[in-house]
2 protein chains.
Amino acid sequence: MTVVLKLGGSVITDKETPETVDDDALTAAVDAIADADPDRLVVVHGGGSFGHVAASERGMGRTTGSRDAADVWAVHDAMRRLNDAVLDRLHDAGVPALPVHPLSVAARTEGNELSLPLDSTARLLGEGFVPVLHGDVVGHAGSGATIVSGDELVTRLAAGLDADRVGLCSTVPGVYDADGGVIHRITDVASVEDALGDADATDVTGGMAAKVRALLALDATAYVFGPASLSAFLAGESAGTVIDG
Amino acid sequence: MTVVLKLGGSVITDKETPETVDDDALTAAVDAIADADPDRLVVVHGGGSFGHVAASERGMGRTTGSRDAADVWAVHDAMRRLNDAVLDRLHDAGVPALPVHPLSVAARTEGNELSLPLDSTARLLGEGFVPVLHGDVVGHAGSGATIVSGDELVTRLAAGLDADRVGLCSTVPGVYDADGGVIHRITDVASVEDALGDADATDVTGGMAAKVRALLALDATAYVFGPASLSAFLAGESAGTVIDG
């Protein structure tokens, strides 16, 4: 049973204050992971007030790059500080976490296609470690370096590692319908298209509709849920909105 | 013209004192790189008093691994501290350096074969950045994680990136013959076999004979030289011992 878990940047950081970890939320998430002690787990975390702030200050996005190494380093280093905080907590809780930095392994073609060789992640997973990836900067042909989002990594990891379950833990309890209720199950985009606007307009890395489309395309069953349902998800139960194409 | 440059751990650190950068030596090497301003350069650095100490304290080597994430993290983190120091200097000198951590990208099979996908390194290089790799820990099938040396990375990078020149800057001015003189040119192992013992018995990542054998197998011309010849090497001149199979 291979599980890919995304911890949203909004969950583990205080998005209002630059470079601030939300201690209570991160501790709760880490405790849930340590208690579940899953067999094969890959964790991905977003940028929150670390990466998003650093990237937007420099005008960098998924297709807008920078050729200035100082810009690229600043965004990467901010994400690394958050990654270090996540790793520290996981280690304190006894989770055998090791970092996998997308800048070191991934690259984009001129046509925005992401290559993400999984040799390291798959091997670490096979040896009982918990690889921890994060939104990052990556080399981009013709554009210097651009942003790769945690969500983009999640779908690539799920497909490449043949994951069984994918969990997206964000600050909302699931995907909302037009009336603000949580949709229980999504099996195709068309049936919920009206409700899927940009759930979070300040998130430059893509809205909910794009996320749902990418998750529907996976073989794995995906779950979009809030922090309160993380333990249930890790225990193999249903949580939030089930997305199963 | 693609150049792969290894800065030996003994050159840039004080090998006698744990986790100590040799400031003068590192500054001199960085200044030589900044002055040369090479077109396509990949830098690899060794572990010196950072990685070697951390690895030997934990009994880790190229084939002896650890399944304890605390061990693996300790060695990686020590190497990252050295890598940060190297990157800081390079940035201060205006070199557009970015880190590529082997733990994030490489893996070993049960038979000790190293996979090192070069998507990220090649893309960063193509976009005008200077990728900086280092000796590190990597996931190893059946052994947890083991050590990958800077020298091993150099030969893999040189072959995979189709490098034109490879430079190994160490504390000696070249490969010594049996009388302690520097050999000018090596074109086959047999002709110098007697002289090639273990130049540095405390270096767990392989002696000079193994290095020469690996360099002879490359299409690129390799140079083994001391810090005083770094500028000459980067200027495209001959330096130290030329190894050309």
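Placement of Cβ uses the backbone N, Cα and C atoms for every residue, glycine included.
Not measured: the values here are computed from a predicted model.
As recorded in TrEMBL:
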type    : residues                                                             : note
BINDING : A:Lys6, A:Leu7, A:Gly8, A:Gly9, A:Ser10, A:Gly48, A:Gly207, A:Lys211 : ATP binding site
BINDING : A:Gly47, A:His52, A:Gly150                                           : substrate binding site
DOMAIN  : A:1-217                                                              : domain 'Aspartate/glutamate/uridylate kinase'
SITE    : A:Lys15                                                              : site 'Transition state stabilizer'
Argmin Cα dist to A:Lys6 (ATP binding site) over the recorded positions A:Lys15, A:Gly47, A:Gly150 returns A:Gly150
Out of A:Lys15, A:His52, A:Gly150, give those recorded positions positioned within 10 angstroms of A:Leu7 (ATP binding site), comparing C-alpha atoms, in sequence order.
A:Gly150
Return the count of C-beta atoms lying within 10 angstroms of the C-beta of A:Gly48 (ATP binding site), excluding that atom itself.
27
Rounded to a whole angstrom, what is the C-alpha distance between A:Lys211 (ATP binding site) and A:Gly150 (substrate binding site)?
11
Near the Cβ of A:His52 (substrate binding site), how many other Cβ atoms are there if near means within 10 Å?
26
Determine the mean pLDDT over the domain 'Aspartate/glutamate/uridylate kinase' (A:1-217), rounding to the nearest whole number.
92
CA-CA within 10 A of A:Gly47 (substrate binding site), subset of binding-site residues A:Gly9, A:Ser10, A:Gly207 in residue order, equals A:Gly9, A:Ser10
Cα-Cα, whole number of Å: A:Lys15 (site 'Transition state stabilizer') versus A:Gly48 (ATP binding site)?
6
Please report how many Å separate the Cα atom of A:Gly207 (ATP binding site) from that of A:Gly150 (substrate binding site), as a whole number.
13
Students should find that the Cα atoms of A:Gly150 (substrate binding site) and A:Gly48 (ATP binding site) sit apart, in Å rounded to an integer, by 11
By a simple count of other Cβ atoms within 10 Å, which of A:Gly150, A:Gly207, the binding-site residues in the record, is least packed?
A:Gly207
Can you tell me how far the Cα of A:Gly8 (ATP binding site) sits from the Cα of A:His52 (substrate binding site), in Å?
12
A:His52 (substrate binding site) and A:Ser10 (ATP binding site), distance between Cα atoms, whole Å:
10
Distance, A:His52 (substrate binding site) to A:Gly9 (ATP binding site) (CA atoms, angstrom):
9
Can you tell me how spread out the ATP site is, meaning the largest CA to CA distance among A:Lys6, A:Leu7, A:Gly8, A:Gly9, A:Ser10, A:Gly48, A:Gly207, A:Lys211, in Å?
17
